[in-house]
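Database features (Swiss-Prot):
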- 28-37: compositional bias 'Polar residues' (COMPBIAS)
- 38-52: compositional bias 'Low complexity' (COMPBIAS)
- 80-91: compositional bias 'Low complexity' (COMPBIAS)
- 94-110: compositional bias 'Basic and acidic residues' (COMPBIAS)
- 112-123: compositional bias 'Gly residues' (COMPBIAS)
- 17-64: region 'Disordered' (REGION)
- 80-123: region 'Disordered' (REGION)
- 151-171: transmembrane segment (TRANSMEM)
- 191-211: transmembrane segment (TRANSMEM)
- 218-238: transmembrane segment (TRANSMEM)
- 243-263: transmembrane segment (TRANSMEM)
- 283-303: transmembrane segment (TRANSMEM)
- 317-337: transmembrane segment (TRANSMEM)
- 375-395: transmembrane segment (TRANSMEM)
- 413-433: transmembrane segment (TRANSMEM)
- 441-461: transmembrane segment (TRANSMEM)
- 466-486: transmembrane segment (TRANSMEM)
- 513-533: transmembrane segment (TRANSMEM)
- 536-556: transmembrane segment (TRANSMEM)
Amino acid sequence: MGGKAQFIRDFILKGPVRRTVPIEPVEPSTSGSIAWTSSESGSAHSSRVSSSPITPRKSAETEETLPTCLVRARGSSSAHSCSAATTSQQSNRQSKEHRIGGIKKEEKPIEMGGGSSENGGANGCSNGDNHHVLLMEKQEKIEPKVFRKRWVILVIFMFLSGSNGAQWIQYSIIANIISDYYKVSFQAVDWTSMIYMLTYILFFIPAAWLLDKWGLRLSVLLGALGNCVGAWIKLLSTHPDSFWVTFVGQTIVGASQMFTLGIPPRLAAVWFGPDEVSRACALGVFGNQLGIAVGFVLPPLIVSNGSVEHVTYDLNTLFLGSAVLNTSILALVICFFTARPAVPPSLAQVNALEEKTFDNNFWGTLRKLMTSRDFVILFITYGINTGVFYAISTLLSQMVLSVYPNETETVGYVGLLIVVAGMAGSVVGGFILDKFKKFKLTTIMIYLFSFVGMLSFTLTIDLDSMVLVFINAALLGFFMTGYLPIGFEFAAEITYPAAEGTTSGLLNASAQIFGIALTWLMGIVMHGFGTFTSNIIMSSCLVVGTILTCFIREDLKRQKAHSVQCTIPTSETQLTSCTLQQNEHF
């Protein structure tokens, strides 16, 4: 590949990162070969001694070259043994120290006996069901490190996710005005919201594969580009006969969601330390919720009912502001968003990088996830809770205006309160998880209070009191929206080391499936049988979700990986053993 082409490829996949001088491979000895290279990301490396040269394997996301693992447990009951060739007694003992992106490596020759042993011991290593052993000739001093830039990365993503969320609800919250202006039905207006869900269901698997294969930057870049293009197309739709144009623009923006919706847990794991990861994930979700809050408030304030000319002017203002904002965010992503830090922020991330190198089978991971009992239950319960939230958000204007017909602007504030309370719930939930690590208990309690909030909202909306509507909207939003990042983190724990982007992508797909089904069905029920009936059905769904959550087993595999134990027996053998508590991860 030419120099310019390689530079462009690296810039797209990794961003504006500093290049490091690669370390040349160590020359092989007569009895064995030692091979290792440095990576631009400074990730942990493993190496081995063998009778033949080592074939490195490449990880596309980081463009790092890593040797194949010496021993890899696959869940069989039998142990696997390995042996290393005897090195020359006259080999050079002078150690060399390199610093690669904050990771120190000391090269020392290995003196080991030949042969192997089934049970391990001095001359070999074994591998059983519950652990695997990495044999390395170099002592690695890996010091996980977090960088201040992680906050810049997180804030840029929050702006991107927020700009996408704001456009999701901008038509539905003024459904009566949009319906009159474009001369379309309320169901057509509802589809401007549901198209987000439909495009995600159709394309989330390719998007999850893209994130797993090529990393954060490319996914975020495509999401920002789609937001920008769709926003400018919608600016061309400010004419009563142009609903199809605005729908095309909204479809492009909705499709862009598939590149960003599953990012928060992946970004948190890649950039943040073990004591920050839940909060970082919560803040990533917080950005999307903040955008939805803006989508609830700004359209009713900017676009008011009136003549065709008046509505045209207001829509122009709304769409132009959105287009300029999304163009600015695209520029920020291009200039400042990088794929990963130079050094992994946690031991779990170091191990995840090695797992990705050894087992880079996206479809195999997908199959394992969908055959995991605990993940399948979480897949269903997450979809129920989030689907109910999507249905309420889309139908909120029609729910409230059916009882309070003159409160068009107030509806926007009700939606704002739901989302703002939910943002607070997301952050509080993240702090609780980081502090106490009680994932299952926290999930059950939030699910239970989501049901209480929904039931209270259902029973008070007809009491002719907007104060009660606001109070119950806050209660509903705090718990229901606060559930979103907690579900992501719970999934990351019980499926570790599966890529966080894959697990969150599946959870979001479940949310879109339930969301589109509940929005469509509850819209029919609401217009046919009334708001009370539709809300009771959604409350019943939350009861089912709460009960199902109790059957999820709390096996926090990622927390175990944070405390992985590494021992270096002697400087003579340089035999490094890393023992994990669990090998069959999910």
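Glycine is treated like the rest: Cβ placed from N, Cα and C.
Within the chain carrying the transmembrane segment (151-171), a Cβ under 8 angstroms from the stretch's Cβ atoms is held by residues 178, 189, 192-193, 196, 220, 223-224, 227, 230-231, 246, 250, 253-254, 256-257, 260-261, 263-264, 267, 271, 280, 283-284, 286-292, 294-296, 298-299, 318, 322, 325-326, 329, 332-333, 336-338, 393-394, 415, all 6 or more beyond its ends. For the transmembrane segment (536-556), the partner stretch with the highest count of Cβ pairs under 8 angstroms, out of 191-211, 218-238, 317-337, 375-395, 413-433, is 375-395.
Within the chain, the transmembrane segment (218-238) has long-range Cβ neighbours (under 8 A, six or more residues past its boundaries) at 12-13, 157, 160, 163-164, 167, 207, 210-211, 245-246, 248-257, 259-260, 263, 312, 315-316, 319-320, 322-323, 325-327, 329-330, 333-334, 337, 501.
For the transmembrane segment (283-303), the partner stretch with the most Cβ pairs below 8 Å, chosen from 375-395, 413-433, 466-486, is 413-433.
Contacts between the transmembrane segment (466-486) and the transmembrane segment (375-395): present, as 3 or more C-beta pairs lie under 8 angstroms, all at sequence separation of six or more.
Through the fold, the transmembrane segment (375-395) approaches residues 169, 172, 190, 193-194, 197, 292, 369, 415, 418, 447, 450, 454, 476, 480-481, 483-484, 487, 490-491, 494-495, 503, 506-507, 510-519, 522-523, 526, 534, 538, 541-542, 544-545, 548-549, 551-552, 586 of its own chain, all at least 6 residues removed from its boundaries and within a Cβ separation under 8 Å.
Long-range contacts of the transmembrane segment (413-433) within the same chain: residues 169, 173, 278-283, 285-286, 289-290, 292-293, 296-297, 392-393, 396, 400, 439, 442, 446, 469-470, 473-486, 489, each at least 6 residues beyond the stretch ends and with a Cβ under 8 Å from a Cβ of the stretch.
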